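Shown next, in structure tokens, is the structure this report addresses.
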Amino acid sequence: MSPTVQTFDLGSGVKIPWLAWGNGTGSAAQIPVEAGLAALKAGIRHIDTAQSYRNEGAAGEALVKSGISKDQVFVTSKLSEGPGNSTIPFNQVRPKIQESIQKLGFIPDLFLIHNPFIVAPADLKKTWQILEEMKDAGELKAIGVSNFRPQDLELILDGGKYKPAVNQIEYHPYLLAHLEPVLALQDKHGIVTESFGPLTPLLRHPTGGPLKPVLTKIAKRIFDANPNLPIPIDEFAVLLLWTRAMGVVAVTGSGDKERIKLLADISFLPGNLLTKADVEEITSIGKTVHFRHYRGHMENDFALPILPDGTN
Ligand SMILES: NC(=O)c1ccc[n+]([C@@H]2O[C@H](COP(=O)([O-])OP(=O)(O)OC[C@H]3O[C@@H](n4cnc5c(N)ncnc54)[C@H](OP(=O)(O)O)[C@@H]3O)[C@@H](O)[C@H]2O)c1
């Protein structure tokens, strides 16, 4: 692992690099080997994949092609739903995890349950127990979850042998109000938050909302004060730096070689570019808006905040 990329602690000595390149969305998903290779060559040492992306083999192939040894790169994969969003029969859980390992060509550093609905509700706790058993048997390393609401976390925490190392969720300033109960539970149990969709306020919100001018102002101040930084700091970089300052792993991505290089350069930036006041300003403005891009079960049985969407 490159010593200059900040990592977060997953316990038991496991360190997770703060910025991941994912091969599940956007143009990265279309050219996963080529883009994965570009990410590794640019210096990114954290790859995020999943069964449903159908790119686990590509992640392994990019790593082999890069010539970088596996122990230098942190790789996450996920147990996803079956074809057509069907639930996985419980007797298929273990074979499906073994299939991931086979496709990747190694045991992933982190393996997640992609969302609580990939198995029948009655099988969720037992599915977590399979992950625990495989961890104990050395067939898996760190284990965690994704898209879990408070009730899903509580279900597996109750009597569980291991707490999930992470919960990978859509996370950005415009979701802070909604996520408050999940984040509180994660803080209590030392579960690290991973953010997918971290660039949503800039990329997917129709106007950027009230955050955009603030991100522009902060980016300009950092840019003017640091003429020797390797990259021009823009709003996208500020949003990713805010994610890191919140102690959250940023799971982002790109299939564009120049943007991949930018993401790698951002991952190496020093931790003191954002001031405490910057972080607080982004946080407090974020809490005044509710905007989610990845709609779905995180909105079911999990009360939404009564907030504007920030388009006015
Ligand atoms: N657990 C889950 O359920 C779940 C759900 C969704 C995503 N994920 C994971 O998270 C990864 C990223 O998800 P996401 O796409 O939502 O993340 P995101 O960081 O919000 O958006 C990534 C997109 O941002 C664009 N981009 C990157 N750097 C940029 C820059 N400097 N300026 C402008 N645009 C930039 C890229 O477009 P170009 O490709 O055009 O450069 C890319 O498609 C996925 O690949 C997957 O691994 C997990």
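Heads up, the Cβ atoms here are built off N, Cα and C, so glycines get one too.
Note: TrEMBL annotation is automatic and uncurated.
Over in TrEMBL, the protein carries these features:
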- 37-199: domain 'NADP-dependent oxidoreductase' (DOMAIN)
- Tyr53: active site, proton donor (ACT_SITE)
- Lys78: site 'Lowers pKa of active site Tyr' (SITE)
- His114: substrate binding site (BINDING)
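Annotated features taken from TrEMBL, shown on the structure.
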residue : record                               : CB count, 10 Å
Tyr53   : active site, proton donor            : 21
Lys78   : site 'Lowers pKa of active site Tyr' : 27
His114  : substrate binding site               : 19
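In this structure the alpha carbons, written CA, of the residue listed as 'substrate binding site' and Tyr53 (active site, proton donor) are 11 Å apart. In the three-state DSSP classification, the residue listed as 'substrate binding site' falls within coil. Per-residue pLDDT, averaged across the domain 'NADP-dependent oxidoreductase' (37-199), gives 98.
In this structure, the CA atom of Tyr53 (active site, proton donor) is 10 Å away from the CA atom of Lys78 (site 'Lowers pKa of active site Tyr').
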